[in-house]
Amino acid sequence: MVLTIYAPLFASSKRAVVTLVEKGVSFETVNVDLMKGEQRQPEYLAIQPFGKIPVLVDGDYKIFESRAIMRYIAEKYRSQGPDLLGKTIEERGQVEQWLDVEATSYHPPLLALTLNIVFAPLMGFPADEKVIKESEEKLAEVLDVYEAQLSKNEYLAGDFVSLADLAHLPFTEYLVGPIGKAHLIKDRKHVSAWWDKISSRAAWKEVSAKYSLPV
């Protein structure tokens with residue numbers, strides 16, 4: 001049974017997509033047009049009752065939330081491709097810790113920047129300059145912590161690439177691209193080296209080329 005991932009073009013979904021590609025798992029995609037409200041249609045709500053993206057369908061099994069999907073893929077296909085979860089319980093703890101940091105500390109200010117700088121103009125809404133300023137300041141503080149961590153380890157959870165690193169790829173691509181604030185990455189030596197490593201991985205290059213930003 002081939003896995004199916006919904007809405008592969010959007011950043012949140014690409015967390016799941018890059019995990020599938022890293023693991024060498026075959027999958028199909030189904031586009032969901034958020035601008036047309038397809039995520040609120042009954043057939044989509046039947047598999048994602050909150051009307052959000054992404055969703056992974058694996059036969060009769062359905063799972064949503066991008067980081068949960070990443071964990072599911074990494075566990076189910078642990079024996080193939082790179083081990084993205086860590087080899088010991090201590091390494092796994094670090095992977096989980098930095099996945100949570102990405103979700104709770106890194107992603108919120110970056111999402112605010114994405115919405116105000118990239119999507120607000122497309123949707124005809126004024127950007128909130130106060131939110132932009134505050135979000136950039138918050139993200140800079142988070143990245144200072146990353147700089148300290150990455151001065152000790154090659155990757156966030158240790159000296160191995162993991163889900164914690166991959167989870168950062170899609171929205172950081174916005175940060176260094178259409179958001180226009182690459183200096184937040186480049187001005188930090190160790191963060192910059194880390195970003196160069198993870199963004200140059202073959203799996204991410206494939207995902208970026210095949211599933212281009214919807215803006």
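Placement of Cβ uses the backbone N, Cα and C atoms for every residue, glycine included.
According to Swiss-Prot:
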DOMAIN    2-81  domain 'GST N-terminal'
BINDING   A11, S12, Q39, R40, K52, I53, E65, S66  glutathione binding site
DOMAIN    88-215  domain 'GST C-terminal'
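Locations of recorded Swiss-Prot features on the structure.
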| residue | record | Cβ neighbours (10 Å) |
| --- | --- | --- |
| A11 | glutathione binding site | 21 |
| S12 | glutathione binding site | 19 |
| Q39 | glutathione binding site | 18 |
| R40 | glutathione binding site | 10 |
| K52 | glutathione binding site | 15 |
| I53 | glutathione binding site | 24 |
| E65 | glutathione binding site | 20 |
| S66 | glutathione binding site | 24 |
Report summary line: What DSSP reports for the domain 'GST N-terminal' (2-81) is 34 helix, 16 strand, 30 coil
Report summary line: Longest inter-residue Cα distance for the glutathione binders A11, S12, Q39, R40, K52, I53, E65, S66, rounded to the nearest angstrom, is 19
Query raised in the report: In the domain 'GST C-terminal' (88-215), how many residues does DSSP call helix, how many strand, and how many coil?
Result: 93 helix, 2 strand, 33 coil
